[in-house]
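Novice: Per TrEMBL, the features are:
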SIGNAL    A:1-19  signal peptide
TRANSMEM  A:34-50  transmembrane segment
TRANSMEM  A:57-78  transmembrane segment
TRANSMEM  A:120-140  transmembrane segment
TRANSMEM  A:186-206  transmembrane segment
TRANSMEM  A:226-245  transmembrane segment
TRANSMEM  A:257-277  transmembrane segment
TRANSMEM  A:283-306  transmembrane segment
TRANSMEM  A:347-369  transmembrane segment
TRANSMEM  A:407-427  transmembrane segment
TRANSMEM  A:447-469  transmembrane segment
TRANSMEM  A:475-494  transmembrane segment
Amino acid sequence: MNRSFAGALVALAALCAMAAPAAAQSIDAKVNEIFANSTGWFVSFIFAPLPGTSFPWIVLWLVVGACVFTVYFGLIQFRAFPHSIALVKGDYSDPNDAGEVSHFQALATALSGTVGLGNIAGVAVAVGIGGPGATFWMILAGLLGMASKFTECTLGVKYRNEYPDGTVSGGPMYYMSKGFAERGLPGGRILAVFFAVFCILGALGGGNMFQANQAHAQIANVVGDYPGWITGIVLAGVVFAVIVGGLKSIARVTEKVVPFMGILYVLTALVIIGLNADKIGWAFGQVFAGAFTGLGVAGGMIGALIQGFRRAAFSNEAGVGSAAIAHSAVRTKEPITEGFVSLLEPFIDTVVICTMTALVIIITGQLIADPETGRYILNEAGTAIQTVDGNSGVALTSAAFSSAFGWFQYILVLAVILFAFSTMISWSYYGLKAWTYLFGEGKVTELIFKVIFCIFVVIGAAASLGPVIDFSDAAIFAMAVVNIIALYVLMPIVKRELDSYLSRLKSGEIRKFR
Amino acid sequence: MTGKILVGYDGSDSAQRAVDYAAGRAKAEGADILIAHVLEWSPYSFLTPEELAERHKRRNEELARAETALLAPVVARLKSAGIAVETELKYGHIAETLCRLATEHDISQIVIGRTGHSALASRLFGSVAGTLAQAAPIPVTIVP
């Protein structure tokens, strides 16, 4: 660790320590007020319902996009699934390319950016409000989202920038500007700027403040309440050490522990489901019945559908464009192979992990139903289903898992912190790429963004900034608005790549190395 | 005896002794030497997004460094001793890669230096020598 870095770290910590406790209350109130006033219109616009309904247009936008890509590429998510697995296993990797980024590594890195609070807290929110039926729509959204991911990640690799020193920069900004130009269409550059702005906001909000905030909430839940800025400064210090100080070891440890945590989470869920094997049929019955009748949840069937689709989109980020940035680093002659690999992400994230969370919540009987009618009982406000201890969000998941294994709440705290941390590292990079796209690459411009990012960690942990978090969610969805427009325009290019690749695969020109 | 002698080389003292030993054998048998340096690498390790973006650059740097700092001096030394020498620079699992090279090139024996890990370290991480002894398709000489 060099001296200037250590100095900067101390200065940052001191700055935050001085600012946070004394003015925490007034700052919170001010930030809330400013944000609510200046961004409220944007949040209302993004989450505006379709005329005459309660259905947010943004959810329809994502679903229609995913359906179009699914149909246009002929159910690519099912057709290419076995080939995707073979690519990740390395069956088609040239041994002479060893030492370059492998498909597995790109997938693991992109996954550690998406597997996180969406899988633990988001699902609980979906099931808590939309009932078991939300699970059905969530799985469907995950399956459809695989086609969106396929499209965006192929384009991410195809139109990335490769620099003479061997580093790469890629993502929706680059396919928007370069891809549109290639097709002779105007507006690519404008779209790219919009995307970059939303991506920076999404990175600071959903990819940072929301994560820090929930990590603090989980810790406080176990050790008792204490000021959030303490968690914030510790987290910011670690993030700072990794992204500014280049302390790769911390990141590397996290990247190793996160997959392990993910596997432990799924295994525990499987054990709990196994212990209640007699209820599995009933649970799936609830999922299907709830999907089409609502079983009395708020908003009925449509309520379940909105919750399912919305939380799935939050969790797997399909169509948002973030994964395209992570995947663009792979050294491959065939951009389409990265699309194949990336379509596994929504599958693992949503169809497997989110479903596990939902099933555990349902099967452990956290949701209270009327024993006579079988319909769920709503809370007094009528906004969500009554739960055993009145839990919602992370606490609901925690209660469901702890009802079988008491110690699991501690594992869950660790998982939440690690997931939050790895999501923050990933989004700091996504935000940085958007930042450098707008302001140019260079040590100073990059450092400015990284410091801003760390400051937002403290702000995020210190307060529960409802409007700010609403805004950052809206920013992530706004990325999808811009990104999916670009995907519609550029999907014929992906189609051409796909047809060419599949014909060469069939003819044996592309062959296995082992 | 025909065929080449493969030396697994990592620049350590014991690897130097392995080269010396192989040089003696090569002279006696009139064989050539293939010096192989393997950079430990797993395609299943985990990297941050930033590391992904820089990987190709790092790989080029690592290869260039290994070529100039490790392979060039040993090649010069063997050539001056009048032994024909080739090199291979690979990424991968060390023992597996050496075995693969042994079958790809017409290799008659493998020579490596002993790493001298403690018993515990070898037990935890496995040793190249141990794995090679188990898996190599041809005789292996381990030089202490």
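Note: Cβ is positioned from N, Cα and C throughout, glycine not excepted.
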Novice: With the transmembrane segment (A:226-245) as the reference, which stretch in A:57-78, A:257-277, A:347-369, A:407-427 has the largest tally of C-beta pairs below 8 Å?
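Specialist: Stretch with the highest Cβ contact count: A:407-427.
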Novice: Among A:57-78, A:120-140, A:186-206, point out the range having the most Cβ pairs under 8 angstroms from the transmembrane segment (A:475-494).
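Specialist: When the Cβ pairs under 8 Å are tallied, A:186-206 comes out ahead.
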Novice: In terms of Cβ proximity under 8 Å, which residues at least six beyond the ends of the transmembrane segment (A:57-78) contact it?
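Specialist: Distant contacts of the transmembrane segment (A:57-78): 46-50, 141, 143-148, 150-151, 306, 309-310, 313, 318-319, 343, 347, 477, 480-481, 484, 487-488, 491, 494-495, 498.
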Novice: Would you mind listing the long-range same-chain contacts of the transmembrane segment (A:257-277), meaning Cβ under 8 Å and 6+ residues beyond its ends?
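Specialist: Residues 108, 111-112, 115, 120, 352-353, 356-357, 359-360, 363-364, 401, 404-405, 408, 411, 414-415, 418-419, 422 contact the transmembrane segment (A:257-277) from elsewhere in the chain.
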